[in-house]
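One structure is given here, and the rest of the page talks about it.
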Amino acid sequence: MSDRKHAKRKNKQRSAPARREKRACCKSTPVPARAAKFAYCESMLRCPVCASALHLAGGSLVCDRGHDFAISKKGTVNFLSRPHESDGYDQDFFENRRIVFEAGYYEHLVEGVASFFDARPDLRCIVDVGCGEGFYAKRLIAPRTDKSAPAPSETCLLPSRTLIGLDLSKEALQVAARGGNDVCWIVGDVAALPLQDSSMDAVLDVFTPAHYAEFARVLKPGGLLVKVVPGANHLKELRHAFRDLIRHEDYTNQLVVDHFQRHFKLLERIPLAKTTRTTPTELKAFVRMTPLLFGVDEKTAESRSVPEITVDAELLVGTPLR
């Protein structure tokens, strides 16, 4: 046997124990504060490269085959192999979304989602797919300001639960992670979720294109998909004001609902709608964060009068058709 082949065989014999020793060493490495929250979700994650289990090792998530994903100083982890092309979903887009959300236009949606989960304390492990700047995920674990709410919701919308927020946009999660919070923020692909099979009690999908096969794969038996879709009157005032610049002024979600029902059994269908008066600043932000109006220049946007905006949606709840 040649020296080269002998050395190769010897290295193979030593590789497995060496990997085990490395993993044991990594597991004993102190975990920095920014990464500590991932201890609650590491058992639910899988390596996006080889699909093997991940474990928390110091400031990284590491799989059994040595793939290492560093947790950033802001408390996010990037599972994408290459940068994602934003197609308009840049940091400016998410900053404008934050302005609109904080102004309360979508408050009834988050309250509707929160009320649903409040009534289902058995749904303990939740992934918010396409979470964007984290508006829904952060609110789901934030202390409730209404102290008159009945227990257990008087202290937390989702007590003792694990929230994973996943989005393709690194810029979105930089906004989401501001201020520190207990959501595990992951830059990842909704079409190839870095989650173990049957690991989640619920998948939350708010205005995000669905990948139903992946949702079914990661849901536990009896797990639920909670999907928020636009209603017929969603942004009707914007559609009317900019009707010369968009394809269709009218909208129906029936095709979306039909597609949902081809993959999931529809258990509940909850309407959520509210009309809010606008301000010039909020309207400007709304135009910049609405995919419907991507490409509309600022001068044109400012020339249109939109005194109020309706946010109309439906909350669809279902289980996989297995």
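Cβ from N, Cα, C; glycine included.
Straight from TrEMBL, the features:
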- 1-13: compositional bias 'Basic residues' (COMPBIAS)
- 1-23: region 'Disordered' (REGION)
- 46-80: domain '23S rRNA (guanine(745)-N(1))-methyltransferase N-terminal' (DOMAIN)
- Cys47, Cys50, Cys63, His67: Zn(2+) binding site (BINDING)
- Tyr106, Glu133, Gly134, His234: S-adenosyl-L-methionine binding site (BINDING)
- 127-226: domain 'Methyltransferase type 11' (DOMAIN)
For Tyr106 (S-adenosyl-L-methionine binding site) and Cys63 (Zn(2+) binding site), what Cα-Cα distance in Å is obtained after rounding to a whole number?
38
Within the same chain, and leaving aside Cys47, Cys50, Cys63, His67, name every residue whose CB is within 8 angstroms of the centroid of the CB atoms belonging to the recorded Zn(2+) site, in sequence order.
Arg46, Pro48, Val49, Ala51, Ser52, Leu54, Asp64, Arg65, Gly66
Do you know offhand how many angstrom separate Cys47 (Zn(2+) binding site) and Glu133 (S-adenosyl-L-methionine binding site) by C-alpha?
24
Quick one: Cα separation, His67 (Zn(2+) binding site) versus His234 (S-adenosyl-L-methionine binding site), in Å?
43
I'm trying to understand the geometry here, so how far is the Cα atom of Gly134 (S-adenosyl-L-methionine binding site) from the Cα atom of Cys63 (Zn(2+) binding site), in Å to the nearest whole number?
26
Residue pair Cys63 (Zn(2+) binding site), His234 (S-adenosyl-L-methionine binding site) - Cα distance, angstrom, rounded:
43
Separation of alpha carbons, Cys50 (Zn(2+) binding site) and Glu133 (S-adenosyl-L-methionine binding site) (Å):
28
Taking the Cβ of Cys50 (Zn(2+) binding site) as the reference point, list residues of the same chain whose Cβ is under 8 angstroms away and which are at least six residues distant in sequence.
Cys63, Arg65, His67
Would you mind pulling the longest C-alpha to C-alpha span across Tyr106, Glu133, Gly134, His234, which the record has binding S-adenosyl-L-methionine, in angstrom?
21
Are there any residues at least 6 positions away along the chain from His234 (S-adenosyl-L-methionine binding site) with a Cβ closer than 8 Å to its Cβ? List them or say none.
Tyr251, Thr310, Val311, Asp312, Ala313
For Gly134 (S-adenosyl-L-methionine binding site), just count the other CB atoms lying within 10 A of its CB, please.
25
The domain '23S rRNA (guanine(745)-N(1))-methyltransferase N-terminal' (46-80) - residue tally per DSSP class, helix then strand then coil:
0 helix, 17 strand, 18 coil
For Cys47 (Zn(2+) binding site), list the number of other Cβ atoms lying within 10 Å of its Cβ atom.
20
Counting Cβ atoms within 10 Å across all protein chains shown, which of the binding-site residues Cys63, His67, Tyr106, Glu133 comes out on top?
Glu133
